[in-house]
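K.L.:
Submitted below is the structure of interest, expressed as structure tokens.
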Amino acid sequence: MFRGSHVAIVTPMLEDGALDLDRFCALIDFHIEQGTDGIVVVGTTGESPTVDFDEHDLLIRTAVSYADGRIPIIAGTGANSTREAIELTVFSKNAGADACLSVAPYYNKPTQEGLYQHFKAIAEAVDIPMILYNVPGRTVADISNETTLRLAQIPGIVGIKDATGNIARGCDLVQRVPDNFAVYSGDDATALALLLLGGHGIISVTANVAPRLMHEMCTAALSGDLAQARAINARLFKLHIDLFVEANPIPVKWAVAKMGLINENIRLPLTALSSQHHELIRKAMLQAGITV
């Protein structure tokens, strides 16, 4: 079971939109040095909707090869086609990823039974630990707690990233899942609350900008040091909110670029952060102790 702070890592790109693998590898080193507990590659924050199959495979293989066992690599493999999701999951398995993160199918609006059959088919087709990803604000499809509990009985499905931000719902889930099934927060602003209610970790956007603080907050919360966890979260809270002033990953790419780690380049239909929001993000970074 993975525990702690897992960064939903950005995908660096060159001016022409090509992948910047040199900076990608440098980011992996940065997160290892900063204490990040795991890396999610090609998730929402990694611009998965605009990364093609070959690039997807390349990013996962590069991450696994370069990390070389120094940090767990979790591969984003979701798609709104079950067949494509299986293919992406096969990529991850063959590349040697430690687990996959599979988002609920978006746009085609499956029923709860459709969601169950989708994830069941992937788990039965590919032998790799699978973390479900529920983010109805993006997908429209919402994996209910009851469906999650059904899926938790399937071998290979080991956890869920709950990005609903609904604490009551997360608390209900934590209390009812099997002991070998992990619940991860996918919403930085409410992550501490879920951790204190029994969650196992975070898959975080903020960790791109403040990886050591996110690791320390998770460690404090999971060890019962409430005062320390609350103090760190207070420093980070403005980042948690303001990194979503525009669609993720627009603001976080700007922030990581200002740290000198990547170029701000982003693929259409996403565009660079509006200048009116630059100072907002800068102030949030300064509040967290990040000099820009």
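The backbone N, Cα and C atoms fix where each Cβ goes, glycine too.
Checked Swiss-Prot, it gives:
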SITE      Thr44  site 'Part of a proton relay during catalysis'
BINDING   Thr45, Ile203  pyruvate binding site
SITE      Tyr107  site 'Part of a proton relay during catalysis'
ACT_SITE  Tyr133  active site, proton donor/acceptor
ACT_SITE  Lys161  active site, schiff-base intermediate with substrate
K.L.:
Return the count of C-beta atoms lying within 10 angstroms of the C-beta of Tyr107 (site 'Part of a proton relay during catalysis'), excluding that atom itself.
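P.N.:
If we count other Cβ atoms within 10 Å of Tyr107 (site 'Part of a proton relay during catalysis'), we arrive at 9.
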K.L.:
Roughly how many Å lie between the Cα atoms of Ile203 (pyruvate binding site) and Lys161 (active site, schiff-base intermediate with substrate), rounded to a whole value?
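P.N.:
So the Cα of Lys161 (active site, schiff-base intermediate with substrate) lies 7 Å away from that of Ile203 (pyruvate binding site).
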K.L.:
Long-range same-chain neighbours of Lys161 (active site, schiff-base intermediate with substrate), Cβ under 8 Å, sequence gap at least 6?
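P.N.:
Those within reach of Lys161 (active site, schiff-base intermediate with substrate), by Cβ under 8 Å and sequence separation of 6 or more, are Leu101, Ile131, Leu132, Tyr133, Asn134, Val135, Tyr184, Ser185, Gly186, Ile203.
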K.L.:
So how many other Cβ atoms are close to Thr45 (pyruvate binding site), meaning within 10 Å of its Cβ?
P.N.:
24
K.L.:
Any same-chain residues 6+ apart from Thr44 (site 'Part of a proton relay during catalysis') with CB under 8 Å of its CB? Would you list them in sequence order, or say none?
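P.N.:
Thr44 (site 'Part of a proton relay during catalysis') has long-range Cβ partners Ala8, Gly76, Val103, Val135, Arg138, Asn248, Pro249.
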K.L.:
How far is it from Thr45 (pyruvate binding site) to Tyr107 (site 'Part of a proton relay during catalysis'), counting Cα to Cα, in Å?
P.N.:
19
K.L.:
10 Å Cβ neighbour count around Ile203 (pyruvate binding site)?
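P.N.:
Ile203 (pyruvate binding site): 30 neighbouring Cβ atoms within 10 Å.
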K.L.:
Using a 10 Å cut-off, grab the number of neighbouring Cβ atoms around the Cβ of the residue listed as 'active site, proton donor/acceptor', all chains included.
P.N.:
27
